[in-house]
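Asker: Among the features that Swiss-Prot reports, transmembrane segment is placed at 13-33, 53-73, 86-106, 112-132, 147-167, 177-197, 214-234, 246-268, 272-294, with the record citing sequence analysis.
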């Protein structure tokens, strides 16, 4: 994953003249990706998390209160007078948590049920939270098609997630595992296609990299890093169990950034998409970095105590 995203961005920029015009297909391709990623979820995990809500509330606080305000404030501090860049920075963090956070949480002994539940609840709420957050933080400065964004999120994220969960619920574990493994390679290829098409839409910005572009990249990296760190700190402050902290780190730090890029390209001027696409470059790299830090500072001490 850390190599897949930058490779797709580079291909999108280099092949922009061939990929431009295919933006219409992206929401449907992304709906397939969401369906494939949701096959591991079911309604029981959601019910369990709702009966023990504190870890989920902490994750949603990081995702939709702390990080949007932090990104919005950072944008106004660093890019004052540039509402499109500020909106892009904000959009990159108001979108729901990423499905791939489940992979990272499982890899580092996180609470898989909690991670799934955070993904599901955040996904279901996203058609309301994303437009509302952007309207409150950037609505006065940038024209937005709020209803269009809500419909886009419902088609790309909510309906495919529900269908994936329904398939899991109504099928045997063996059949679900078979379908999930069969769709996995196609899902990765589709993700590459989505990233490449979205990157092609902002190719001119990547082809003329200057100090301003570098400043946006550094800011995006710092904001993304803060999401992981804030989730870790809040988990420790609230004295959560180790597996819950791992889940909080990856759900709080990762975003469904490809969905954010689709929204940026579809509903905003291309400049808004620049911070979002840059965020795609850093997300998996930062996940790997925090996985290493977890092994060093969180998981090893627990193993030594045992």
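Glycine too: its Cβ is placed from the backbone N, Cα and C atoms.
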Asker: Given the transmembrane segment (86-106), which of the listed stretches 13-33, 147-167, 177-197, 272-294 has the most Cβ pairs that are under 8 Å apart from it?
Answerer: 272-294
Asker: The transmembrane segment (177-197) vs the transmembrane segment (112-132): three or more C-beta pairs under 8 Å (separation of 6 or more)?
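Answerer: Answer no: the transmembrane segment (177-197) and the transmembrane segment (112-132) share fewer than 3 Cβ pairs below 8 Å.
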Asker: Six or more residues beyond either end and a Cβ under 8 Å away: which residues meet both conditions relative to the transmembrane segment (272-294)?
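Answerer: That would be 1-2, 4-6, 9, 84-85, 87-89, 91-92, 98, 100-101, 104, 107-108, 142, 195, 198-199, 201-202, 205, 213, 216-217, 219-221, 224-225, 228, 232, 246, 249-250, 253-255, 257-258, 260-261, 264-265.
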Asker: List, by number or range, the same-chain residues at least 6 past the transmembrane segment (214-234) whose CB is under 8 A from its CB atoms?
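Answerer: Distant Cβ neighbours of the transmembrane segment (214-234) are 58-59, 61-62, 66-67, 70-71, 74-75, 78-79, 85, 89, 92-93, 245, 248-253, 274-275, 278-279, 282-283, 286-287, 290.
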Asker: Using a Cβ cut-off under 8 Å, which residues of the same chain at least 6 positions beyond either end of the transmembrane segment (112-132) come close to it?
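Answerer: Beyond its ends, the transmembrane segment (112-132) has Cβ neighbours at 40-41, 45-46, 48-50, 55-56, 59-60, 63-64, 91, 94-99, 101-102, 105-106, 144, 146-147, 149-151, 153-154, 157-158, 161, 165, 243-244, 247, 250-251, 256, 263.
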